[in-house]
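Some notes on the structure that comes next.
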Amino acid sequence: MLMLFVFGVLLHEVSLSGQNEAPPNTHSIPGEPLYNYASIRLPEEHIPFFLHNNRHIATVCRKDSLCPYKKHLEKLKYCWGYEKSCKPEFRFGYPVCSYVDMGWTDTLESAEDIFWKQADFGYARERLEEMHVLCQPKETSDSSLVCSRYLQYCRATNLYLDLRNIKRNHDRFMEDFFQSGEIGGHCKLDIRTLMSEGQRKSPLQSWFAELQSYTQLNFRPIEDAKCDIVIEKPTYFMKLDAGVNMYHHFCDFINLYITQHVNNSFSTDVYIVMWDTSSYGYGDLFSDTWNAFTDYDVIHLKTYDSKRVCFKEAVFSLLPRMRYGLFYNTPLISGCQNTGLFRAFAQHVLHRLNITQEGPKDGKIRVTILARSTEYRKILNQNELVNALKTVSTFEVQIVDYKYRELGFLDQLRITHNTDIFIGMHGAGLTHLLFLPDWAAVFELYNCEDERCYLDLARLRGVHYITWRRQNKVFPQDKGHHPTLGEHPKFTNYSFDVEEFMYLVLQAADHVLQHPKWPFKKKHDEL
């Protein structure tokens with residue numbers, strides 16, 4: 001039976017246990033639904049895609065007069081894109097390419113396909129196609145280990161961790177944390193294949209360092225009572241990037257979301273364990289976001305120190321800085337934008353955090369300027385720029401400073417999601433562009449010679465991006481003073497030509513008004 005389970009993982013026919021795999025209650029109390037539909041907690045637009053991959057729930061819904069999703073049963077051909085049976089015309093979305101990057105390919109069609117595989121649900125499909133069994137179970141109570149290439153993602157059953165003798169220091173990602181016999185399972189290990197997957201061994205790129213000591217045990221950890229603690233709930237292991245930087249931390253969250261797709265499970269009845277081999281804590285300015293993925297507090301690995309811990313189902317999540325991963329330093333083909341994956345991620349997070357769209361307002365464009373209270377990259381003539389914006393009657397202007405001590409992250413998201421033009425200097429705060437409405441524009445006031453970072457993120461999300469172009473109309477305070485590198489454009493402050501600024505903002509406004517998803521189609525002649 002477990003053999004079928006493992007092969008099911010390879011074929012993407014089995015989901016991680018949790019809400020998606022809960023057996024429908026076909027003997028429910030009269031007047032009660034046959035399934036706990038409220039546990040699905042997905043945006044309405046995502047429901048047909050969920051039902052496509054969970055046909056058992058679709059079948060129950062069809063029979064259940066109380067199912068709220070009956071209208072979606074006629075759309076079961078809709079699919080995310082990574083499913084083997086998914087036809088391109090039914091995918092959640094498809095990128096748009098405006099020109100061909102001849103360094104990559106020679107047709108628009110192939111450019112779209114490349115971008116889809118680099119940064120859209122095609123990326124999830126490639127991870128699924130890489131899956132192979134590294135530790136083969138023979139019986140139902142055995143363990144298993146299934147991984148993608150380079151051990152960037154793994155899934156284990158009946159996993160044994162022995163933390164009785166571990167030693168912690170200042171290193172968050174020790175490579176020799178476990179010795180032979182301290183991590184493993186009762187299954188037939190293909191040690192040769194396991195050891196061949198270490199080419200990308202690196203803390204935030206692979207799980208090879210953690211799993212290279214995986215051992216074929218001569219006992220069944222749970223059945224033979226070798227565990228001090230047995231974790232029944234599905235558990236995600238994650239190695240986290242910087243929790244104080246939104247750009248880096250959201251590489252964690254997007255990869256957790258992709259991992260959920262690979263598992264075909266969006267249940268929040270799961271544990272998340274932060275894999276950290278140090279004794280330190282973890283500063284997290286965006287901890288509210290975890291509520292989109294789990295009902296429980298994030299667990300530090302050190303919680304289990306001095307114990308033998310067994311996990312019935314464990315997932316080693318995709319990592320934040322993988323080579324050719326998403327979205328840190330990802331090489332992307334030029335000329336393409338708008339991935340369904342990043343749009344779905346934004347919708348998923350906003351839905352689960354109860355962030356709603358309160359507008360837009362007819363006759364108004366909501367403009368938000370992100371101010372900086374840091375030492376560098378301040379807008380020196382900010383008041384002058386704001387006063388110029390206020391001369392346009394259709395602009396509703398607000399200035400915000402996303403300081404976590406004064407404005408919680410959920411409140412920040414509410415402001416961002418209810419913004420039509422988002423303006424800010426180069427910096428991690430621009431990662432908020434992920435949560436702008438589809439019709440919005442982001443104006444990176446000055447990119448400080450880091451041209452690709454937020455341009456590429458805007459392309460991934462599918463929102464319009466503009467930045468300052470005329471160097472003779474931006475005025476740095478000085479040449480910048482990096483602590484070790486000397487002169488550096490990110491380490492100074494700037495003022496801007498007001499006329500050029502207004503020209504660019506009006507361009508952004510024109511894009512907003514012309515966007516197909518802008519609810520008000522009439523002309524705004526006042527602009």
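Cβ coordinates come from backbone N, Cα and C, glycine included.
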Among Asn354, Asn493, residue with annotation N-linked glycosylation site (source: Swiss-Prot): Asn354
Stretch carrying motif 'Prevents secretion from ER' according to Swiss-Prot (options 84-87, 88-91, 524-527): 524-527
Local Cβ density at Asn354 (N-linked glycosylation site) - other Cβ atoms counted within 10 Å: 10
Mean predicted confidence [pLDDT] for the motif 'Prevents secretion from ER' (524-527): 46
